[in-house]
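K.L.:
Please find one structure pasted underneath; my questions will follow.
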Amino acid sequence: MSIMGLLSSEQLNQLKLVLDTLSKNQLIWLSGYLLGLVNSQTSTDIGVTASGVSAGLELKPDLIDNTIIVISASQTGNARNIAKQLYSDLVEAGLRAVLFSAGEYKFKKISEISLLIFITSTHGEGEPPEEALALYKYLFSEKALRMEKTSFIVLSLGDRSYEYFAKAGKDFDKRFEDLGANRLYDRVDLDVDFQSEVDKWKEKVVSLCKSKIVSIVSKDKCINIQNNIVFKKKNPVTSYCKEFPLIAYLLNRQKITSCNSLKDVHHLEFDISGSGLCYQPGDALGIWYENDYNLVYELLELLNLTGRESVQIKNQSMCLDEALVKYCDLTQNTPVVVKSIATISQDKILLNLLQNQNQLNSFCSTTPIVEMFYQISMTKQLSSQELIQILRPMRPRFYSIASAQSEVGEEIHITVSVVRYTINGRIRSGGASSYLVDRVQDHDEIRIFVESNDNFRLPKDPNVSIIMIGAGTGIAPFRSFMQQRALDKALGKNWLFFGNLKFTDDFLYQIEWKTYFKSGILNKIDTAWSRDQDYKVYVQDKLLSNGLELWDWIQKGAYIYVCGDAKYMARDVEQALVTVVSIHGNMNMDQSNDFWNEMRVQHRYQRDIY
């Protein structure tokens, strides 16, 4: 749609008269002001992405050469936020730039880009973020086109605590080069505490881009680009984020597994009254938790520290115990932590572990930090500041939102499975899950923010059918989906596949699902209970046994949604889906994999995995 199709001639003339009087900085300010107005109107038919440009944007061929394409591949929002910052800096520098998420960009056209800046995080065991999977598979296929005309820059985010640090970015970087693209700047790999390094990187990138693209955008060129923008509806956003969370309050917490269950799962409701916080089905809730004081003082005693020592964190002085409660990850051990402690302590157990990566990884996954100090001898006193520098910075935990805002109003719901296990007779718990279930009380304050997930959205057309596949707490977003579909009076059919341990103990939200089924809103439900018989039954088995009908739904346009564990459940479910299409769609396995990749591109196959 062109501007002429949106504004009358009189409106366009009045707008041009005003714009001609504005400086570049005034235009930049105005663009942000107008974006805010658009985002505050939920009923508008026109909107833009958070970057200020539209999704699905295609530039005319004569504009591509002098346009910087910024693509972000994000799992929890970090890469996307950096891309937005860079985009703003490029525009402020007078450069023509367009921002996309990896899921928005028509990846087969990537070889036509003149200047590409690619910013990605790493997910799981070195995989790219979910929204970048289709692009990743295309680039590493024989179908990928050469990229000789493309100059590129890659920024890769990761966590040095893990074996596959920044691997997704490294993979993209090497593949761009293998396809003939020209490196404009060496890849930069950043750890979890990245902001200061990001600022330096952005400054360098803007300088390089200004040198690469001599022509600075004029007002006329700005108008030409706007003529190519396709506007789309966008829901409102708020200013709450990881750095500036909302203070919410716990309204209700209810255990939703039986007392006999091997799992301890709870439904939590938070009060967000008056905050203006908005969310959609499919979004995630970020929660800043606090460590257990008992765990903190157990660790301090093992290290002969009092907790009253002064330490520096984020340029602030505070007592060590406060820093450990609020700013350090005490529950997840990592190879980097073990290596640091081994170097200082010279403990033989840890030094031997460093010689075998597999044994080191196994030790980290089974031995929490505090348990490690029970097992080793410290030949040197660890200082309070050394401890702070060794431990990973605390990061928020993310939970799939289990409510539709149009149903629950100024509340937000999540589903939490508490991590509990015993080591050497001592009970250990997960940091965030035990905080939410064991330590937070009704009406206590919780620091939260919404992480938008445009890669896990209901179909825009309510007449389209959906298939929901979840295991354990992976059922949470489907509760929000069904609340929304019921309110929308969606005519599309709904089919739920759900798996857990036992029917009598672990059927999460059972009454709600039965109510939806009896009312006809939920058309089909297939459950898999892995411990209810001598042999294991999982959701992927149910997919295979319902393969013919599943294929029929897919052929009729159904959207497929998967939520659950990334390492096992999501992998096995995808293999089952590939098998179903191969058998009932009369395809070989390669063709079936291509089919699901195309389903991803069409946003008909979406996953929320963790």
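Glycine is treated like the rest: Cβ placed from N, Cα and C.
So Swiss-Prot lists these for the protein:
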| type | residues | note |
| --- | --- | --- |
| BINDING | 74-79, 121-124, 157-166 | FMN binding site |
| BINDING | Thr331, Ser365, 397-400, 415-417, Tyr421, 430-433, Tyr610 | FAD binding site |
| BINDING | Ser530, Arg531, Lys536, Val537, Tyr538, Val539, Gln540, Asp572 | NADP(+) binding site |
| DOMAIN | 68-206 | domain 'Flavodoxin-like' |
| DOMAIN | 243-459 | domain 'FAD-binding FR-type' |
K.L.:
Count the Cβ atoms, other than its own, that fall within 10 Å of the Cβ of Gly77 (FMN binding site), considering every protein chain shown.
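P.N.:
Result for Gly77 (FMN binding site): 22 neighbouring Cβ atoms inside 10 Å.
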K.L.:
Report, as a single number, how many Cβ atoms besides its own are within 10 Å of the Cβ of Lys536 (NADP(+) binding site).
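P.N.:
Other Cβ atoms found within 10 Å: 11.
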K.L.:
With NADP(+) as the bound species and Ser530, Arg531, Lys536, Val537, Tyr538, Val539, Gln540, Asp572 as its recorded binding residues, calculate the greatest Cα-Cα distance and give it in Å as a whole number.
P.N.:
18
K.L.:
Which of the three DSSP states, helix, strand or coil, fits Gln540 (NADP(+) binding site)?
P.N.:
helix
K.L.:
Take the C-alpha atoms of Arg397 (FAD binding site) and Ser530 (NADP(+) binding site) and report the distance between them in angstrom, rounded.
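P.N.:
Cα-Cα distance, Arg397 (FAD binding site) to Ser530 (NADP(+) binding site): 27 Å.
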K.L.:
Quick one: mean pLDDT on the domain 'Flavodoxin-like' (68-206)?
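P.N.:
The average pLDDT of the model in the domain 'Flavodoxin-like' (68-206) works out to 91.
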K.L.:
Long-range neighbours only, meaning 6 or more apart in sequence with Cβ under 8 Å: which ones does Thr331 (FAD binding site) have?
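P.N.:
In sequence order, the residues whose Cβ lies under 8 Å from that of Thr331 (FAD binding site) (at least 6 apart) are Asn291, Pro368, Ile369, Arg428, Ser429, Gly430, Gly431.
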K.L.:
When a 10 Å sphere is centred on the Cβ of Val537 (NADP(+) binding site), how many other Cβ atoms does it contain?
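P.N.:
Taking all protein chains shown, Val537 (NADP(+) binding site) has 16 Cβ neighbours within 10 Å.
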K.L.:
Taking 10 A as the limit, how many CB atoms besides its own sit near the CB of Ser530 (NADP(+) binding site)?
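P.N.:
There are 17 of them.
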K.L.:
What Cα-Cα separation, expressed in whole Å, is found between Gln540 (NADP(+) binding site) and Ser417 (FAD binding site)?
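P.N.:
That comes out at 22 Å between the alpha carbons.
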K.L.:
Round to the nearest Å and give the CA-to-CA distance linking Gly77 (FMN binding site) with Tyr399 (FAD binding site).
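P.N.:
One finds 14 Å between the Cα atoms of these residues.
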K.L.:
When neighbour density is defined as the number of other C-beta atoms within 10 angstroms of a residue's C-beta, which of the binding-site residues Ser74, Ser121, Thr415, Ser417 has the lowest density?
P.N.:
Ser417
